[in-house]
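*Asks:* So that we are looking at the same thing, I have put the structure below in structure tokens.
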Amino acid sequence: MPQKWISALLLLQISFCFRSGNCGKVLVWPLEYSHWMNLKIILDELVQRGHEVTVLRPSSSVSLDPKKASGLVYETSPTTSNNDEVEKSFYPVGDMWTYDVPKYTCLRYYPSLNKMFGQFSDLWLQLCREVVSNKELIAKLKESQFDVVLSDAVGPCGELIAEILQLPFVYSLRFATAPGIEKYSAGQPFPPSYVPIILSGFSGQMTFMERVENMLCLLYFDSWFESFPAKDWDPFFSEILGRPTTMVDTMKKAEIWLIRSYWDLEFPRPSLPNIEFVGGLHCQPAKPLPKEMEDFAQSSGEHGVWVFSLGSMIRNITQERANTIASALAQIPQKVFWRFEGKKPDTLGPNTRVFKWIPQNDLLGHPKTKAFVTHGGANGIYESIHYGIPPMVGIPLFAEQRDNVAHMVAKGAAVSIDFHTMSSSDLLNALKAVINNPSYKKKVMWLSAIHHDQPLKPLDRAVFWIEFVMRHKGAKHLRPLAHNLALVSVHSLDVIGFLLACVLAIVLLAVKCCLFLYRFFVKVAKNKRD
């Protein structure tokens, strides 16, 4: 690169520093796959603004490649596990959730979730222990004098590293329905009467029986979340910090929660001042497609193209399911970009092209794209909302995807079908519905207008709050004071108990007075008769 361009880039970074405050030093504890993809967007923007960003990664990492640094500094911690072990801790979770976990009621599938998350937790605890027990690494991090730690709340350890280094920390998280992490760690209010619990697939307007199930699932999830970290993580945190503590108490110290969602996807619900919604921060302007893909898209003529993707966590689907899908796609006039890594289906039509990878963002922003078949991942849904072009057919597979699709269906922007029970005709009817009924496209365009009508873009908002924490050494004035109260006090159970005791005392006193007066007048009447 010519010297003048290097100088120009340096001046640009310096200008960002003056505009947003002093340049800071950010330490990052990320998670793999789509979590990393979203976090990296924030990190790249921080680098563009002149901040020094250091990513702390275990040597056994699947997604975090130091060779693709793009301005990031990587600090690698040696671990005893290898990349295959890390990869195997993620993919079986997706496969098990998709094929083995019972659906329809939380009371049936939460026991399976406990098993799956237990496997992930064991590996992640091992990685965390090896990082924080590395005295040489911790000493180096202390000498670096970071200003803030940015961490993914799903993968514990970032908050522990921040506590060791005595630094404020900011969380990045997708969920926004508060049954576990946000409810206990962030203090997020959760009225189960109109806020559906995560993984329920309910809309904001629940029937009476759905509200009953929602309450039961909430109680079940509360019990699970309280017991889950107590076995291994709480003793580990206490051991490392040298004092009795819990993982949840440490997580409560988060200054800001960056929730990767927004009100275009979420239902209205209470929130807190240290919770910022930044859904869609990863959306970028569409880039030109590779020549092969562009030629295929242009060959669609007036019919346009469909984009079909079930995400990266499900590498293979059964041959029977693949043939069901291919058969339906072969019957539509549109061309289809299908992200699929399995064996070529026997029923694949000439209008369908299979790719192991597709530039999903660029395809959804392409003028030929008419609709989108998605597993309901937040990234894909927000890319669709961002462009406001393709309505959706949702085929949720696991995690919060069922909720994401349910939200889009409730908002009139999608049709949902069940992956396990759908027939070729079911999928075909859903495809025809979103193409032939203009109301779906109108709803997506409406959501897109809402998404873009914000005072700050999601990425700018996320970066602002990270810089805010660096400038002010935290954001304790925004953290809820509920963190200082016991659980009985948070829900005013002590006050309710006190008031009930007062009412009971008054009632007992009134009864005593009535009995006294009754006995007195009975005695007086008796004396008069005598």
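Note that Cβ sites are derived from N, Cα and C of the backbone, with glycine treated the same way.
Residues annotated as signal peptide in Swiss-Prot, with similarity to another entry given as evidence: 1-17. The N-linked glycosylation site feature in Swiss-Prot is assigned to Asn316; the stated evidence is sequence analysis. According to Swiss-Prot, the UDP-alpha-D-glucuronate binding site annotation covers Thr374, His375, Gly376, Gly377, Ala378, Asn379, Gly380, Glu400, on the basis of similarity to another entry. According to Swiss-Prot, the transmembrane segment annotation covers 496-516, on the basis of sequence analysis.
Looking at the shown structure, what environment does each listed feature sit in?
*Replies:* Gly376 (UDP-alpha-D-glucuronate binding site) falls outside any helix or strand according to DSSP and counts as coil. Taking a C-beta cut-off of under 8 angstroms and a sequence separation of 6 or more, Gly376 (UDP-alpha-D-glucuronate binding site) has the following same-chain neighbours: Gly394, Ile395, Pro396, Leu397, Glu400, Gln401, Arg402, Asn404, Val405, Met408.
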*Asks:* For the recorded UDP-alpha-D-glucuronate site, enumerate neighbouring residues of the same chain (Cβ within 8 Å of the Cβ centroid of Thr374, His375, Gly376, Gly377, Ala378, Asn379, Gly380, Glu400, site residues themselves excluded), in sequence order.
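*Replies:* Leaving out the recorded residues gives Gly311, Ile381, Gln401, Asn404.
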*Asks:* Which residues does Thr374 (UDP-alpha-D-glucuronate binding site) neighbour through Cβ under 8 Å, counting only same-chain ones at least six apart?
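*Replies:* Once residues fewer than 6 apart are set aside, Thr374 (UDP-alpha-D-glucuronate binding site) is near Ser309, Leu310, Gly380, Ile381, Ser384, Met392, Val393, Gly394, Ile395, Val405.
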*Asks:* Using only the residues recorded as binding UDP-alpha-D-glucuronate (Thr374, His375, Gly376, Gly377, Ala378, Asn379, Gly380, Glu400), report the maximum Cα-Cα distance in Å, whole number please.
*Replies:* 13
*Asks:* 10 Å Cβ neighbour count around Asn379 (UDP-alpha-D-glucuronate binding site)?
*Replies:* 21
